[in-house]
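Below you'll find the structure, written out as structure tokens, and then a few comments.
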Amino acid sequence: MAFLKLTEQNVQGKTVLIRADMNVPFKDGKISDDTRIRASIASVKYCVDNGASVIVMTHLGRPTEGEFHPEDDVAPVAAHLGSLLGKDVKVLNDWRENKPALNAGDVVMLQNVRINKGEKKNDLELGKAYASLCDVFVNDAFGTAHRAQASTEAVAQAAPVACAGVLMAGELDALGKALKQPARPMVAIVAGSKVSTKLTILESLADKVDQLIVGGGIANTFLLAEGKAIGKSLAEHDLVEESKKIMAKMAAKGGSVPLPTDVVVAKAFAADAEAVVKDIADVAEDDMILDIGPKSAAALADLLKAADTVVWNGPVGVFEFDQFAGGTKALAEAIAQSKAFSIAGGGDTLAAIAKFGVTEQIGYISTGGGAFLEFLEGKELPAVAALEKRGA
């Protein structure tokens with residue numbers, strides 16, 4: 001991927017417009033998790049430290065375009081950013097009527113981009129209005145890269161210079177390393193409740209990986225495709241044929257979709273359900289498969305330890321309940337111990353990484369959510385394509 005990077009730009013004396021993703025959650029009117037704000041600080045600091053003035057823009061929540069309500073106000077986000085930077089960060093509500101006059105080192109924030117008419121439709125005139133504020137546009141919002149919107153795509157077309165911020169460049173470099181030129185053997189874990197939501201990812205990765213580990217409800221559908229009984233476990237009977245095709249595709253290239261030989265079952269999906277380990281052949285009609293068994297976990301852990309690239313999306317069991325967390329824990333620890341370059345993404349995956357204390361041992365943790373999944377699917381990300389066009 002060829003794109004310009006913020007860290008390669010001379011920003012001294014310039015005004016830099018940074019599209020960040022500071023869409024943070026609130027509880028009782030206060031920010032409950034500032035991870036996204038902290039993740040965006042590197043680009044802001046780079047600009048300030050190198051003599052630029054900075055305008056930050058972000059979305060917050062899902063406001064109605066053209067309407068402004070108190071809960072849509074980015075003022076608490078600006079205040080929190082200011083406290084982390086040790087600066088006063090003002091919110092600009094009338095930036096279209098009054099272009100801000102800024103000095104080097106100043107940091108300001110535009111009001112919530114999603115209240116601007118034309119934002120979601122990628123309106124070119126709105127993109128030009130954003131671009132008119134700056135000498136350099138920086139996209140640092142990988143989490144919105146799969147959407148073509150005025151603050152991510154149109155502005156990149158219109159700005160004098162358009163480049164990737166520290167966070168965006170890190171994401172793209174890591175994803176490129178994992179998917180474009182992976183060191184082999186390459187192993188992917190794709191898990192979740194439904195094949196239907198991950199089918200395009202499974203099909204795309206089956207073309208790239210040497211081993212494709214599936215887990216959760218997805219694995220149950222693959223077990224059905226192998227003719228195994230899964231009791232009353234979650235599965236999609238209408239996708240059994242698709243699952244067979246993916247297994248055949250992997251087998252044809254000398255790879256495999258290694259399925260569990262033992263599982264952890266319960267009679268009910270509940271925090272206090274009794275967990276029982278069974279061979280797959282012994283699963284009863286009223287059993288629910290809620291995790292992989294210890295033998296399967298050990299076999300998959302060996303695959304991961306021998307890998308040179310690992311892509312991880314989704315836990316292999318109901319790890320929120322400790323009695324069904326063993327499989328996901330074993331795989332997390334195997335990835336942590338592996339020499340492989342590992343990249344992980346998706347909300348449940350990040351929660352599992354945090355729970356099992358392996359954050360520092362994962363090569364790269366993607367903040368992307370939907371953008372991460374679409375990259376895995378092999379789809380073009382509009383905001384990234386816009387940066388590549390400008391970097392050519």
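Quick reminder: no glycine exception, Cβ is built from N, Cα and C everywhere.
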Worksheet item: According to Swiss-Prot, E320, G346, G347, D348, T349 bind ATP; which one of K180, K194, K198 is listed for that same site?
Response: K198
Item to complete: Write out the long-range same-chain contacts of D348 (ATP binding site), meaning residues 6 or more apart in sequence whose Cβ is under 8 Å from its Cβ.
Response: G192, G314, P315
Response to the item:
Between the C-alpha atoms of H59 (substrate binding site) and G347 (ATP binding site), the distance in angstrom, to the nearest integer, is 19
Discussion item. Residues other than D21, M22, N23, R36, H59, L60, G61, R62, R114, R147 within 8 Å, Cβ to Cβ centroid, of the substrate site?
Written reply: T58, N112, V113, T144
Worksheet entry | Chain-internal residues, separated by at least six, CB under 8 A from G347 (ATP binding site) | G369
Worksheet item: D21 (substrate binding site): which of the binding-site residues K198, E320, G346, T349 is the nearest Cα neighbour?
Response: G346
